[in-house]
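Only one structure is covered here, and it is reproduced in the block below.
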Amino acid sequence: MTKLYIQDVTLRDGMHAVRHRITPDDVGTIVAALDAAGVDAIEVAHGDGLAGGSLNYGPGSNTDWEWIEAAADNLTHATLTTLLLPGIGTIAELEQAHKLGVRSIRIATHCTEADVSAQHIAKARELGMDVSGFLMMSHMTPAENLAEQAKLMESYGAHCVYVTDSGGRLTMNGVRDRVRAYRDILDPGTQIGIHAHENLSLSVANSVVAVEEGVTRVDASLAGHGAGAGNCPIEAFIAVANLHDWQHGSDLFALQDAADDLVRPLQDRPVRVDRETLTLGYAGVYSSFLRHAETASKNYGIDVRTILQEVGKRGLVGGQEDMITDIALDLVASGPVSTY
């Protein structure tokens, strides 16, 4: 089979788990460990991508540029990657990231809004970058519709398009259906990627199913460090890949050491499946909403799960973090709310 392309997202999606607060020194140390462990690419940015630091999404302890520079200084083999959401990051941020050594970028949109990625994908291609389309909250639209959005990103110039399970809501059949729908419509030369979350404890299983269906790019992170219950834990996925004799180039023990020695000590809240993060997956809520919902719960005395259930019912998507407070206030005003 084709060698897998292992992309680590500890220092981008994982930013949500530490409220986007990490020192450049820690970034450099983690990047050096990942590079030595043989991963193919390392993504670095605010959790919401370039220029994501704000009152709405959460300010970062440092700028994207400070983190990216620290990463670039510690890379030898892996490709430096970042993420950009059109409407948050701009062409100017894309160009600056390229100047600092970023050579691969994922352009992320909501799963039904691929058309807003055209400019950014085209610019990244113009700069000679490796470009992926990143269709977030992929559970929110049927497989065939998602594949049509992937086809748009391909037409703009994306080398790869991801099934991005931002809510950790997809089951194995959901992943299988979406990857097959992609393969049916995309050109044979266009790669497919999987970005899984652990909210339903299915991130490794979903990633394995994706690979079995032809996916070659797999997102994962040290200790699963990421939004909600975290991403696919890279050390667990690599262990399973070894059992399947899949080619990948990563060192299992080195990844285990980095996960336990470097990343877990940074977590102010354990990244795991618990009553709150399981509810994210069950209700199909954007994983990065967890910390915002926990803050609203503390401020207004409403169970986090009740808030998350209502977020899921209303179908909130990335960028609507401010509405979580509105939901909490509505719940306070309406009195006791039953759970399901």
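All residue numbers here begin at 1 and follow the chain in the order shown.
Placement of Cβ uses the backbone N, Cα and C atoms for every residue, glycine included.
Now, the feature entries from Swiss-Prot:
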{"type": "ACT_SITE", "residues": "His16", "note": "active site, proton acceptor"}
{"type": "BINDING", "residues": "Arg12, Asp13, Ser166, His195, Tyr286", "note": "substrate binding site"}
{"type": "BINDING", "residues": "Asp13, His195, His197", "note": "Mn(2+) binding site"}
{"type": "DOMAIN", "residues": "4-256", "note": "domain 'Pyruvate carboxyltransferase'"}
{"type": "SITE", "residues": "Arg12", "note": "site 'Transition state stabilizer'"}
Check your understanding: So around the Mn(2+) site, Asp13, His195, His197 aside, which residues have their CB within 8 A of the centroid of those CB atoms?
Key -> Val9, Thr164, Asp165, Ser166, Gly168, Ala196, Ser203, Asp219, Ser221, Gly226, Ala227, Asn231, Cys232, Ser287
Practice item. For His16 (active site, proton acceptor), just give me the three-state DSSP call. Key: helix
Review point. Going along the chain, which residues six or more apart from Tyr286 (substrate binding site) have their CB under 8 A from its CB?
Key: Met136, Met137, Ser166, Gly167, Ala227, Leu280, Leu316, Val317, Gly318
**Study point:** Local Cβ density at Arg12 (substrate binding site) - other Cβ atoms counted within 10 Å
**Key:** 29
